[in-house]
Amino acid sequence: MADLFSKVNDFQKYRTNLGRQGGLTVKLVGVRSTVVVLVPSTKDHRLRWKLIRLLTLAVYNDSLPDSISIGALLSLLAISFEQPAAVIRGLLSDPDLEVQMIEVSLDDQGEIRFAARGDILTRYKDAYFEKIRDFPNPDDDLAIFEDPELGDYSDITQDEYQAMITTITIQLWILLTKAVTAPDTAHDSEQRRFIKYLQQRKAYAAFKFTTIFTERVRRKIAQSLSIRKFMVSIMLEVRKSGSAKGRISECIADVSAYIEEAGLSGFILTLKYGIGTRFPVLALNAFQSDLSVIRNLIDLYKSMGTIAPFMVLIEDATQVKFAPGNYSLLWSFAMGVGTALDHAMNNLNINRDYLEPSYFRLGQEVVRLSESTVDRSMAQELGIDPTSEDLIMRAVQAAGVGSRDPDAARRTGRFQVADIQIDEGPVDLATEAEDQTTKDNEQRIKVPDPRGSIGQSNAQFQPPKPQLRGRVMPPERKPTDQQKNLQDQRPRPSATPRRLTKDAEDNIDQLFAQYDSGVAAPEDVTLVTSDSTSPARSSGTGSDMDLINQSP
């Protein structure tokens, strides 16, 4: 059996790396798209500022074809360096693009012109500029910078240009952080990071882009794989620079820390919380298969080299192997541990189809029960004796770490998975109320099967009465026999009230007059109604009042 287990591990490792060995038999390249890239011919900051204004218009205009908008974005990413043309030639090795690079300069009037001469390029330049400035809305060219006067500002100094190009570069690279992985929540995180650079005096609010411009640039970055590959190549090249980095390179290296391993949070968090915590529960047989998968993925990640942290951004097909669904049990356990330990896990969406609720709760329970435990290997390495270990346990309990921490309890409660028990029998609300009270609302609520029993139609199904959360509705009260008798004896008006005749009304007036004057009422008063043929005999004590009550 030991040999079989070894062969299974080798086979899984072979499957993980299958197809990555060997060379190409034939070069598979699709039809390339031609893009126009404008680069400055000199280091003049006035030329570069005018070119930046032109390129931002080209990126902002959604009506332009990709050959112009993608080329303008490539130029905008490279213009922050001293030699933009060399950067594009050396780092843009995309098999899907064919770059047509054109150098630009300033003419005698201070306007941009193509450095190369010829009637064809002159006509091409006029058509290029005309397309860029052709906006569906004439006011769109003022919506790039938050300062509307910045678009018409031409007399820029060298110091202002350095502040401007640094701010623009930071904003463009920040857009890459969540352009692919989380575009819906990208705006808030981008604002937080930009505020950080404002506080560090690396960026300046005077050159801040508008929200609509950043949304359009983010959308172009997400749509164009060539743009993302070019940005990843720049980040990898900046890493190789070591400590000899310029201001722009340092800003790119700083932003790249947020971009690395984007889309690989499931794999990284599994290593951190599932394995890095070293809980003894990893010895369960159920975890052994997932642990073997993790071993092979670690080897695969290392074999990919420096491109591995960016595999999701460049859409490498290997990224599918790192999906948490391939090691769902271990990932579910790691998410339970992470939500119980780390406050930052509150913003992580773990509601996935492959989440195993039982192993998720196992991770939370392990954290609760292991709040005072110590890793033996680490304790031996640090030379911790039993006295020090007891001191550590008391300190942990006094600090409220683990289940004693109210924040931890609130975090774990946020991720509770509800269990609903289905029962086909009817529900007795009175009995259920007693169970809820005596067991402190821990009894599961039983509801009947909506489909009904066999042979019973859905129309005959009567749903139970609704229950409020945390308490049970009181049972319906039925009237007692005494209350029913009182209700039956209560006088009810007749369906057809009887009308009094004129003579009866006169007799009633006389009767009230005698009462008011204190004269004794006659013993008998004859009242004749309109719906009776015989007079009604009534005494003057109370029967006549009942008759009055019957009249409208």
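Cβ atoms are placed via backbone N, Cα and C, with glycine included.
Per Swiss-Prot, the features are as follows:
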REGION    1-402  region 'Ncore'
BINDING   K178, R193, Y258, R352  RNA binding site
REGION    403-552  region 'Ntail'
REGION    423-552  region 'Disordered'
COMPBIAS  423-435  compositional bias 'Acidic residues'
COMPBIAS  436-449  compositional bias 'Basic and acidic residues'
COMPBIAS  474-491  compositional bias 'Basic and acidic residues'
COMPBIAS  527-552  compositional bias 'Polar residues'
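Confidence for the region 'Ncore' (1-402), expressed as mean pLDDT, is 84. Once the Cα atoms of K178, R193, Y258, R352, the listed binders of RNA, are compared pairwise, the greatest separation found is 28 Å. Annotation note: Y258 (RNA binding site) sits in a helical segment as assigned by DSSP.
Considering only the binding-site residues K178, R193, R352, the Cβ with the fewest other Cβ atoms within 10 Å is that of R352. According to its DSSP assignment, R352 (RNA binding site) is coil. Sequence-distant contacts (6 or more apart, same chain, Cβ under 8 Å) of Y258 (RNA binding site) comprise I174, T177, R193. Under DSSP, K178 (RNA binding site) is assigned to coil, being neither helix nor strand in the three-state scheme.
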